[in-house]
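S.K.: Below are the structure tokens for one structure; questions will follow.
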Amino acid sequence: MSHYHRQGGPGQPHDSYEDQQQPYYTDQAHSGYDHHSYHQQQLYHAAYDAAQPEYQAAPVKPQRQPSRIRSNSSGSRSVSHTPAAYTNQGIPPVPSNLSAARQRSDPSQALPPSSSSYAQDAFSRPSYSSHRNAPNAPNSNHPSRWDPNASYDTAPTAPLYDPAPLPGSGQLDADPSQHSIDLGVREPLYDDQVMQQHYPYGGAAAFQRSDSYQSGRPGAGGYHSIDDEKSIHSKHSNQPPGAWNAGAPSMPYNNMPTSHSTIQMAQPAYPPSPYGEYEMHATGMPEPNMSIAGLGAPGALIAAAPMPGMQHHDSTYSRENRERIMRKRTVKRIPLQDGNLVLDIPVASSISKSTTNNPEFREMRYQACTSDPDRFIEEKYTLRPWLYGRETEMAIVLTCYNEDDVLFARTMGGVIKNIAHLCSRTRSKTWGPDAWKKVVVIIVADGRKKANERMLKALGLMGCYNEGVMKDHVLKKPVEAHIFEYTTRVQITEKGEVKVTPCPIQVVFCLKEQNKKKLNSHRWYFNAFCQMLKPNVCILLDVGTKPTGTSIYELWKSFDKHHRVGGACGEICVDTGRGCTALFNPLVASQNFEYKMSNILDKPTESVFGFISVLPGAFSAYRYKALLGRPLEMYFKGEKLHSGEGSNSIFEGNMYLAEDRILCFELVTKEREGWLLRYVKSAKAYTDVPDRVPEFISQRRRWLNGSLFASYYAVWHWYRIFTSGQPFLRKLWLLFQVIYNLVLLVFSWFGIANFFLAFYFLLSASTSTEGSDPFGGQGAAIVEIFQNIFIAMVIVVLVCSLGNRPQGSNFAYTSAIIIFALIMGLALYAAGYTIYLALDAAGLTHTNGWRVDNLETLFKTSGFRDIVISLAATYVMWLLCSLLHLEPWHMLTSFVQYLFLTPTYVIILSMYSMCNTNDLSWGTKQSNGPATDLGGATGCNSKQDGKGEMVDVKIPTSAADAEELWTHYRQTLSQPTVEVKQKRDKATRQEDHAKNFRTNLVLIWMCTNALVVIIFTSTWWNKYVRNHIYAGAVRRGEPVINPYQSAIFWSTAGLSAVRFVGSITFLLLRLFGH
């Protein structure tokens, strides 16, 4: 086409009053743009949506920022005050990369970069290295003009382009004959009906927006009048009534020239902010993100949660409805962009209502990635935040496997609250109203067929997933991951409600085609996405872990305050349910106590040393530049080991079951760098813990094996402390920690023996005093019985651990836990009675007052001294530290449960993990081979000039299709989740049955043998023999032989005699020919 606009818009007369009175620039002011009312804008939205989108040329990002220069040149041509400013051309969607943007423009009439001052200033913020040292008032100190004649180095460092007019940017009016682009009319952003004072971040009453608002009451309602500041709004004496009813955000171009400026074709342009820029004054208010979006105030309900008794469609209806929607997809012929399938798909209008045509909120971007994550950039894949040229301060990754929508909503809700908190920090040098632009939330699902369907539909309701666009092959190349990008403004609550978020959230959803485990998910995060976004801080979360409202900020602050911090973690708390009802389960209560004491004793101690042995992957943070090099290289070495591509070392395989421990060690001992690890007490996150025995044992097997072998690795490589960049005193301090960890490792190795001996000595001490027996004179028999029961249960656990899955031996493991709890109770009773005997021996049980000589006698008693000191060093210290940390409640609610389940942690879990060091799995099965159920992007043997190879894809093409699919997702999620008991398939049941038969047979065999040994070696049997069977021999002084021994001897002789007789008989028969 010969030009890029059409005169007039549909239904708009060329000589309308507003067109005649609203030029691009006015002679009465130096503020930039004039504006039409909101209603004028709506007249052209239909034309914008109906037109075929056109791409603008993608400029090249210069190596230095020229945005502080503006032209004072007066040679620019004037702009015609005609309705030509309005075009029916659609808002161009975001070009996916540099090549594609160039290809979509006619080479003969290529569009130059936009001359919009809006675009010029979008990247005039301080550089990445110093942006935290500058106040969060964007572009406040820029010169007022950009010199179009300035020369720049055009070497491409990163593709940046000028997406079409976004909020408040207006439409471009291009004249290719002049090789320049004129500034278009800046359209209004607010409507009278929606311009309410919704302050998404709280406390906004103290702020005032920098807009001018004129509706017969200048300055009223907390807004500045036009006289208050140099606004972009000009004061027009001939302005028609109501023309300024809709304000627009103030832009920092305070001294714009009265004549119109153009930018020459060769000059670089900068992308405008996709959500508008606000100029913060001393009393300015945060950007009202959601009130301008058309969705309503933060927290506004878009779809209600399912109600009890609500009628629901059955699964057959939902399946048929989905198939009907999938059949409505249209086959489109589109060009590949740099050989990659990249699509911009409209999202449902229910979640994209807006007063602007911003493609960031109206379209979801999909990429079918066929490359390995290590080659993501090399294969020219891109991400939207990078295309927009945004600096990413924080990248938050949420890894998931098959978690449901409730767990996902819990985690995502916590993340959204944290980002909203960052936006509320208006006095921060880094954060503020636009903080959401510096945070990218990356969700990585481990396997398309393993992912929970309800979680995927929850992402679909947020606009971050559309199953209708996914392809499993692109030109016969299998797809490795499906990448969806969308800046969402809605969230799903745990109750199933769809609500407006406090601020927009940049989401990247990576759905891996195959299940390749968590390490591979982190490789996508670090080596693909972070390598492109270059975040300062990386936050790691597991779906199901819910950070509290300010936790992520607290983690980030530890990096911002201390430049040597390379990693940090917060406190992971057990989710005890509403009213702490989950604590009625002893398993949950014991884990709650274990987590609390670890966060009170272990983590603070290790943080003082500067080396935390493990930063839990469920909630931790790292400085990205600290991870580069050997730490990430060693971290991802475990992926090859678990996939069978690396060495066959069982030691390394178990070591990488706790790969986060390896990462921490490599980070602290990194050569020529002195990074430290910190524990941040104020950062908390809640997580679910196993509440059933099989899941609990399976989880701890991986943890214990990984931590044991990783501890060996850290102790064995202690010398690497001295090759790191740590200061000398820190090296000595870390060496002391290595010695401390070595002692803990030794105690862990002998844990079972130490526990048995402690139990044996306590019972022996309580029954050693003649005439004083805590068991009514049967102390010796009780000690012997329980000693044998202890040994028997160790044998039972050993046999079960050698071959049985916990899921197939639930009864055996549960019985062992109960019996060991009784043994622990008996040991505590014996310890208490021993202390009583010591008090009685010191005369303290019969006196009215304790004297010094009584206390001296008491502490000279070894039984009291040793037991009391050891118990006080443990239990009393727990209580004291809990009180000092102002967190004593777990001592009341969970201490007793943990006390009785201590043998489970020391014996059962340790034995099961040791017996399964050959199992290097994470409890999931890796799927192999590419899938072919989605359909692919097939070649059509045709090319279009400048557009590369064309492919045919079947996709939804309109917002109506997206809305229908969104409604289907909503209907499906409105059906309550049916609690389905876990069932084993036939093969697994047969395998478990065979293993149970083997285990039962071995146990019967071992137990009967042990029973014989126990009976005929017991003290009772020996007394019975001496007093009844051989009483006469005892009186005569003859030696007493155990009758069982005699029976064994005579039986052996008899059996030998039988064999002797048989052998002689055979010879005789052979002699006589038989």
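Quick reminder: no glycine exception, Cβ is built from N, Cα and C everywhere.
Values in this document were obtained by computation on a predicted structure and should not be read as measured data.
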S.K.: Looking at Swiss-Prot, which of ASN97, ASN705 is flagged as N-linked glycosylation site?
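M.R.: Per Swiss-Prot, N-linked glycosylation site applies to ASN97.
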S.K.: Per the 3+ Cβ pairs under 8 Å rule, pairs at least 6 apart in sequence, do the transmembrane segment (891-911) and the transmembrane segment (742-762) touch?
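M.R.: Yes, since the transmembrane segment (891-911) and the transmembrane segment (742-762) share at least 3 Cβ pairs closer than 8 Å, they count as touching.
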S.K.: What else in the chain is close to the transmembrane segment (608-628), if you only count residues 6 or more beyond its ends and a Cβ gap under 8 Å?
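M.R.: Same-chain residues near the transmembrane segment (608-628) but 6 or more away: 395, 399, 518, 526, 530, 534-542, 544-545, 547, 551, 555-556, 558-559, 565-570, 572, 635, 658, 660-661, 663-665, 667-668, 670, 673, 675-679, 683, 685, 687, 707, 710-711, 714, 726, 730, 733-734, 736-737, 741.
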S.K.: Please indicate, using numbers and ranges, the residues of the same chain that are 6 or more beyond the transmembrane segment (779-799) and have a C-beta under 8 Å from a C-beta there.
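M.R.: Result: 752, 756, 759-760, 763-764, 766-767, 773, 812-813, 816, 819-820, 823, 826, 907-908, 911-912, 915, 999, 1002-1003, 1006-1007, 1010, 1014, 1018-1020.
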